[in-house]
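Student: If you scroll down you'll find the structure; I have some questions about it.
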Amino acid sequence: MVEVEDLRYIAAPMVNQSDFPFRQLTRRYGATLAYTQMLAPERLINDQDYLETHLRDLWEKHVQEEARSHMHASHRVCAQTTRNAPPVVVQLCGNDPETIVRAARTVQQHCDGIDLNLGCPQEHAREGHYGGYLLGRKDWPLVQSIVPVSTKIRLCQHAPDTLPLGTLLEASGTSWVTLHARHVSARRRRQGVADLQVVKELKDSLRIPVISNGNVRTWNDLQDNRTYTSADGCMVGETLLGNPCIFANIVPDPVQISLEYLELCREHQGCATIHDVRAHVRRFVEHQCSRKPWYAKFRVAINQTESIEDIESLLLTKVNRWRGKARRIKSTNDNSSEDTEQKEHLDPKGRLDDELTGLSLLG
Ligand SMILES: Cc1cc2nc3c(=O)[nH]c(=O)nc-3n(C[C@H](O)[C@H](O)[C@H](O)COP(=O)(O)O)c2cc1C
């Protein structure tokens, strides 16, 4: 069950990036709700491996249920476990109401809500006629017949249609609407400025909660976004991949946060593929260090890793050395090339020079 206050800070659904360890990490640092990546309903019904993989990824709810059923045995542990497992929403795509409902039934015990993706701009969505390609008026009766718990939309191609679509979703029974305020057809779809004015208008015209999505790069953006739109919450995607602590107003040390994520992956084996794990760690490091002279070497090296241990070792040895972090244990007479590299400056909040520069550029 998702409460209105859970909607404040939301980790966006992201294909191959919304794995359980990553969702846990974002929650540790302030996310009040996390979405899974978009799942294919027909595969949940017909592909046992796919179903099992994604149920494993939702294991946190099993822990919750188990904790509840053992409440008499350990009341304190139960309360703790439940508090540590905030709500999760499973996102589905598709255009066949019956298939979507059947798929929803396969996961409903393991999540707190089912979201319908009405924003996917990809070619496969165009070909399959789902996601953002259902935003046109002719498909509204179909959309109305699906009635998910929540809906994530983009701006309609015909701009004035976005508000009536929101009204129609509200009337159909959806509990909240997230608006990623960019068009499906934008040339670089996630780039460019989101039109927060439409989020504000949608919030003014609906009674159900409205979530604003787009344009958040920093903690200040997050606050400005909510102040400007009056939305009930903000969903963040791309920036969260670089800084999973944005909802806590922290810019973490990239190596430390990578190690924390790897630890979660180790604890919850089988939720993220090595490909996804590499991608996360690359993004954490890239977020603050992409302009460092050693960043290209790091990219090559991480692509060659094959396990969590390989990635951990890369971070603790080479990356720390490249960053000058190993220097303290070196002799002052050591003239190795790393020693001549300029030491990164850490400000009192633990932010690196690069991050500060990045913030000023993005702000
Ligand atoms: C790698 C990646 C994968 C994404 N996958 C999904 C998805 O599965 N479902 C969805 O509704 N949106 C998806 N999105 C879009 C995000 O949820 C979000 O709407 C978008 O990135 C805009 O928010 P942002 O500006 O904070 O990144 C994805 C975005 C990224 C970067």
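Every residue, even glycine, has its Cβ placed from backbone N, Cα and C.
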Student: Pro13, Met14, Val15, Lys152, His180 show up in TrEMBL as binding FMN; which entry in Gln91, Gln108, Gln109, Gln223 does that record put in the same site?
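Tutor: Among Gln91, Gln108, Gln109, Gln223, only Gln91 appears alongside Pro13, Met14, Val15, Lys152, His180 as FMN-binding in TrEMBL.
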Student: Across all protein chains in the structure, which of the recorded positions Met14, Val15, Cys120 has the highest Cβ count within 10 Å?
Tutor: Cys120
Student: Can you give the largest Cα to Cα distance in Å, as a whole number, for the residues Pro13, Met14, Val15, Gln91, Lys152, His180 that bind FMN in the record?
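Tutor: That value is 16 Å for the farthest Cα pair.
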